[in-house]
Amino acid sequence: MSPLFMGLFVLLGTLLVMATGMPIAFSLGIVSVAALVAFEGPRSLEFMAETFLGGLDDFTLVSIPMFVLMGAAVASSRAGRDLYEALDRWLYRVPGGLVISNLGACALFAALTGSSPATCAAIGKMGIPEMRKRGYPDGIATGSIAAGGTLGILIPPSLTFILYGIATESSIGRLFLAGVVPGIMLTALFMAWTWFAVRRSGHQAYDPAFRWTWAEKFAALPKVLPFLAIIGAVMWALYGGVATPSEAAGVGALFCLLLAIVIYRMWRIQDLVAIFRDTTKESVMILMIIGTSILFAYMLTNLYLTQSLAEWIAALDVNRWVLLAAINAMLLVAGCFLPPAAIILMTTPILLPIITAADFDIIWFGVILTINMEVGLITPPVGLNLYVINGIAPDVPLSRILWGSLPYVMCMLLAILILCVFPGIATWLPDLLMGPA
Amino acid sequence: LTLKASHQWPSGTGDFRDEMIQIIAKELAAANVDLDVRVFPGSSLVKPREQWSALSKGQIDISLFPLDYAAGKHPQFSATLMPGLVKNHEHAIRLSKSPFMDDIKKIVEGEGIIVIADGWLAGGFASKKQCILNPEDAKGQVMRAAGPMFERMLAGAGASLASMPSSEIYTAMQTGVLDAANTSSESFSSYRLQEQVKCMTPPGDQALWFMYEPLLMSKRSFDRLEPKQREALMAAAKKAEDYGFKKAAEADASMVDLFQKAGVEIVHMTAAQADAWRALAKETSYKTFAAEVPNGQALIDKALAVE
Amino acid sequence: MDIFIRSVAVLSRACGFVAGSLILISIFVVTHMVVQRYAFGQPTIWQTEFVIYALIASTLIGSPYVLLLRGHVNMDILPIYAGPRLRFALAMVASVGALGFCLLLFWFGAWYWHEAWSKDWHSDTLWRVPLWIPHLSLPVGMGILSLQYVADILSLVTGRTLPFGLPPKTGTDALVESFPAHVDTLT
Ligand code: NA
Ligand code: NA
C-alpha cells in the first residue's frame with residue numbers, strides 16, 4: 001500500500017473516530033493502536049507504554065500545569081476587575097474607552113496566564129456586564145472580550161507556544177519573546193477598530209460632564225501593582241537568567257496562589273479546592289492529549305507517512321506562499337472543530353518538515369500558527385472562548401457574539417498578513433535578546 | 001527487507017554519527033543483498049533514551065547512542081562514561097578490544113542487542129567564568145555535566161550542578177543560569193558555545209571525558225538476516241567504525257580551531273592536573289560505582305589495566 | 001449497580017484529590033529547587049525528576065476524575081445535531097472504543113511496570129529512582145479510568161445518564177443549552 005493511500009486511510013479513520021464524540025485524547029490513541037497493528041503487526045504494541053511515558057517524561061511539560069494554575073488562581077479572584085477599573089479611570093474619555101480598557105486589561109492579563117479561556121473569563125466576568133450596563137451594543141461587549149481573551153495564547157506565557165516548542169524542539173523562551181510584539185500589535189489593531197467603530201456610532205458611555213478626579217485615578221493604581229509585580233518577576237526570571245520556563249512557571253504559580261489567598265482573601269477551603277479542580281481538569285486534559293498525540297506521531301513516523309507527505313508536497317513544487325496560505329486555510333478549518341492543543345500536537349509533526357523544506361522560519365511560523373489558533377477559539381462549533389462568553393452572558397444569542405467578534409477575526413487575519421510581509425515583527429525581539437537563531 | 005535505523009542527531013548537517021549510519025545505508029544498497037535501511041534521524045521516531053528499549057524489543061533495528069543512556073537498566077554501563085578511564089583516542093581503540101569491553105558487550109547481548117561497531121567521543125570543559133584545570137577551579141561555578149558520574153565528580157569538586165540537555169547549554173549560559181559546561185567536542189562546536197565561553201579545556205592527551213557510543217543492532221533482526229546479508233552488514237559496519245574514529249579525533253581539532261578563532265582562551269591540563277581529577281574521581285565516582293554496581297571495582301580495575 | 005457506579009465515582013474523586021495534591025506539591029518543589037540553586041548556589045539533584053514523575057502521575061491518576069467531570073475535550077458537533085437514537089449509538093461507540101484503548105494502555109502499562117520492578121530498573125540520573133515507583137501510575141491510572149468508563153457505559157445503558165451529558169434536545173437548541181456545561185468550572 002502506498003504511503004499516501006495509507007495516510008488518507010489514517011486521516012479518514014481519525015476524523016471518523018473523533019466525529020463519534022470520543023474524547024480527542026482517546027481517539028488519537030485508538031487510531032494509533034489500530035494503524036500500528038494493521039500495518040506493523042501486533043508486536044509493535046509492546047512499545048506502547050514506553051512511548052507514552054517517554055513522551056510525558058519532559059521537564060518542559062512541567063510548565064503546563066503551572067501556567068494553568070497561575071491563570072486559574074488569578075481568574076477566580078477579583079484581580080481582573082481591579083485591573084479593568086484602573087484602566088477605565090484613565091481611558092474613559094477616549095471613544096469606546098470602556099471597550100479599550102477591557103482590551104488593555106485582556107492584554108495585561110494575558111501576560112499572566114497561558115490560556116485564552118482564563119483571560120476571557122477573568123476580564124469578561126466584570127467587563128461584559130459593565131459594558132452592557134453603560135449601553136454598549138451586546139455584539140461589541142461580548143465580541144471584544146471573546147477576541148481580547150485570545151491574546152492569552154499570543155502574549156507570553158502561552159500554552160500554545162509551549163506545546164509548539166515541544167513538538168518542534170525549538171526554544172520556548174525564544175517563542176515567548178516572538179509573541180510579544182505581535183501581541184502588542186494585535187492589541188493595538190483591536191483597539192483601533194474599536195475606537196473607529198464606537199466613534200462612528202457616536203455612542204458615549206459617560207455623561208460628557210463626568211470627570212474622574214486625579215485622586216480617583218491614582219487611587220486605582222495600587223490595586224494593579226501586585227499584577228505588574230508578578231508579570232515583572234516572571235519576565236525577569238525568564239529573561240534575566242534566573243530560571244527556565246518551567247521553573248519560572250512554578251514560582252509564578254506559587255506567587256499567584258499567594259496573591260489570591262493573601263490579597264484577594266481566597267483562603268476558604270472551597271476557594272482553594274475550586275482553583276485546584278480547575279487546574280487539574282485543564283492540565284490533565286492537555287497532558288493526556290500530549291501523551292496520546294505522541295503515540296499518534298510515533299505511528300505516523302513509523303509508517304513513514306509524515307516523511308512521504310513532505311516529500312510529496314516538495315515534489316509538487318508549489319510557490320511557498322501558496323503553500324503557506326493552504327496550510328493556514330487547513331488550520332482555520334481545523335480550528336473550527338478542535339482546540340489549539342489538539343491541533344498543534346496532531347499537525348506539527350506533519351507540518352514541520354513541510355515548513356522547513358519551504359524555508360520558513362520555525363519561530364515565525366509558531367507565531368502565525370498561534371494567531372490562527374486564536375481565530376479558532378472564537379469560531380463555532382468548538383470555540384472555547386465562545387463557551388466562556390456564553391457562560392457569562394447566557395442571554396446574548398450566539399449569532400450576536402459571532403457578528404460582534406467578526407471584525408476582530410479580520411484584525412487577526414490582517415495581523416497574519418502583516419507578519420508575512422514583515423517577519424521581523426516576530427523575530428526582532430528574540431534575535432535582539434537571545435542572539436540570532 | 002527494510003531495516004529501521006533511529007538516531008538523535010541532525011541529518012545532513014555533517015554530524016559524523018548521522019554519517020556513520022548513512023554509510024551503512026549506502027554500503028548495503030551498493031552491496032545489492034536486498035537490504036534497505038530507512039533512517040529516522042533527529043529522534044523523529046524514538047526519543048534518545050527510549051532507543052535502548054526499542055532495540056531490545058525489536059521496534060527498531062539499528063541505532064547509535066551513548067551506552068550510558070541505558071545505565072539505569074544496567075548500572076555497569078556507567079563505566080563507559082566514567083571520568084579519567086580513557087586518555088586519548090588511541091587508548092580508546094585499545095580499550096574497545098579489551099576484557100573490560102568484553103564484559104560490557106556480554107551485558108549488551110543479554111538484552112537482545114549486539115554491538116556492530118565501536119565508537120568513542122572525546123570532550124572537554126568550558127567556562128565563562130574561570131578556566132577549569134584543577135578541581136578547585138570548578139568550585140562555586142554552576143556547571144552542566146555530561147553523565148551522572150561526571151556530575152558526582154564535579155559535585156565533589158564543589159561545583160553547583162544544573163541538569164539539562166546539551167542543546168540548552170547555549171541559552172542557559174546566555175541567560176546566566178550556567179557558568180560552565182562539560183560536553184563532547186562535537187556538541188561544543190555544533191551549539192556554537194564559542195560565542196558564550198571565555199575559556200576552553202579541550203580533551204588533548206590528558207582527556208578526562210570520553211564516552212562510548214557504539215553502533216547497535218537488535219539481535220532479533222540480525223538473526224533474521226541471511227549469511228550474505230550479515231557479511232555485507234558487518235563490512236559496512238567496519239567502514240562506519242573506521243570513519244567514526246577518524247572523525248571523532250578530527251572533531252577535537254576542529255573545535256579547538258573554531259574556539260581559538262572566536263577568541264576563546266585555550267588551556268590544556270597537565271598530567272599532574274589530570275591526576276588530581278582522577279584522584280578526586282576515585283573518591284567520588286569510582287567509589288559510588290564500586291559500592292552500587294555488582295562487580296563494579298573489578299570493571300574499573302580492568303579498564304584501568306588497559307595500557 | 002448503583003453501588004458500583006457510586007463507588008467508582010468516589011474512587012475517581014479520590015484520584016482527583018491525589019492529582020491536585022501532586023500539582024500543589026510540585027509547585028513547592030519547583031520553588032524549593034529555584035531557591036536552592038539560585039539563592040544558595042547549591043546543587044539540585046532530585047527535584048527536576050521528582051516533579052516530572054509527580055506531574056505524569058497527576059495526569060494519569062487524575063484522568064478518571066476528569067472523565068467523571070466530562071473534562072476530556074471532544075468534538076461533539078455530530079452528537080449535538082444527532083437525534084436521540086443516533087446520539088445513543090455514538091455515545092456507545094465512543095465509550096466502548098475509548099475503554100478499549102484504556103484497557104490496552106493498562107495492560108501494556110502493567111507489563112512495563114512489571115519489567116521495571118522485576119529487572120530492578122533505575123532512572124539514569126544521579127538520583128537513581130527505582131522506576132517501578134513512577135511507572136506504577138500508568139497501570140493504576142488507566143485501570144481506574146477503565147473502571148470509570150465501565151461505570152459510564154452502565155449508566156448510559158440503564159438510562160441513568162443521557163448520552164454525552166447533553167440536554168434531551170437536538171440541533172442548535174442543544175448547542176446553546178450545552179454551552180454552560182462546558183464552562184461550569186471557568187465561570
Ligand atoms: Na499569555
Ligand atoms: Na473553533
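From the backbone N, Cα and C atoms, a Cβ is placed for every residue, glycine too.
Note: TrEMBL annotation is automatic and uncurated.
Remote same-chain partners of the transmembrane segment (A:6-39), defined as residues 6 or more beyond its termini with a Cβ less than 8 Å from a stretch Cβ, comprise 45, 48, 285, 288-289, 291-293, 295-296, 298-300, 302-303, 305, 308-309, 337-339, 342, 346. TrEMBL lists A:6-39 (among others) with the feature transmembrane segment.
The domain 'TRAP C4-dicarboxylate transport system permease DctM subunit' annotation in TrEMBL covers A:14-425. Taken as a whole, the domain 'TRAP C4-dicarboxylate transport system permease DctM subunit' (A:14-425) shows an average pLDDT of 87 in this prediction.
For A:59-79 (among others), the entry in TrEMBL reads transmembrane segment.
The annotation transmembrane segment is assigned in TrEMBL to A:99-124 (among others). Counting residues 6+ beyond its ends, the transmembrane segment (A:99-124) has Cβ neighbours under 8 Å at 63-64, 67-68, 70-72, 74-75, 79-80, 83-84, 87-88, 90-92, 131, 136, 140-142, 144-146, 148-160, 162, 183-184, 187, 190-191, 194-195, 198, 227-228, 230-231, 234-235, 256, 282, 374, 377, 384-385, 387-389, 391-392 in the same chain.
The transmembrane segment annotation in TrEMBL covers A:145-166 (among others). Outside the transmembrane segment (A:145-166) by six or more residues, the chain places 58, 60-61, 63-64, 67-68, 70-71, 102-103, 105-107, 109-111, 113-121, 123-124, 127-128, 172, 175-177, 179-180, 182-184, 186-187, 190, 234, 238, 245, 249, 252, 286, 290, 340-341, 344-345, 348, 366-367, 369-371, 373-375, 377-378, 383, 385-386, 388-389, 392, 401, 404-405, 408-409, 411-412 with a CB less than 8 A from a CB of the stretch.
What TrEMBL lists as transmembrane segment is A:172-198 (among others). Within its own chain, the transmembrane segment (A:172-198) has Cβ neighbours under 8 Å at 60, 63, 94-96, 99-100, 103-104, 106-107, 110, 136, 140, 144, 147-148, 151, 154-158, 161-162, 164-166, 238-239, 245, 363-364, 366-367, 370-371, 407-408, 411-412, 414-415, 418-419, 425-430, 433-434, 437, counting only residues six or more beyond its boundaries.
According to TrEMBL, the transmembrane segment annotation covers A:218-239 (among others). Counting residues 6+ beyond its ends, the transmembrane segment (A:218-239) has Cβ neighbours under 8 Å at 74, 79, 82-83, 85-86, 89-90, 108, 111-112, 156-157, 173, 176-177, 245, 247-249, 251-252, 255-256, 259, 263, 433 in the same chain.
When Cβ-Cβ distances below 8 Å are used as the criterion, the transmembrane segment (A:245-264) is approached by residues 59-63, 66-67, 69-70, 73-74, 76-79, 112, 157, 162, 172-173, 176, 226, 230, 233-234, 237-238, 271-272, 275 of the same chain, each at least six residues removed from its ends. For A:245-264 (among others), the entry in TrEMBL reads transmembrane segment.
Same-chain residues lying 6 or more positions outside the transmembrane segment (A:284-301) and placing a CB less than 8 Å from one of its CB atoms are 10, 24-26, 28-29, 31-33, 35-36, 48, 51-52, 54-56, 61, 64-65, 68, 159, 163, 166, 307, 341-342, 345-346, 349-350. The transmembrane segment feature in TrEMBL is assigned to A:284-301 (among others).
Summarising the annotation, TrEMBL assigns transmembrane segment to A:321-338 (among others).
TrEMBL lists A:406-429 (among others) with the feature transmembrane segment.
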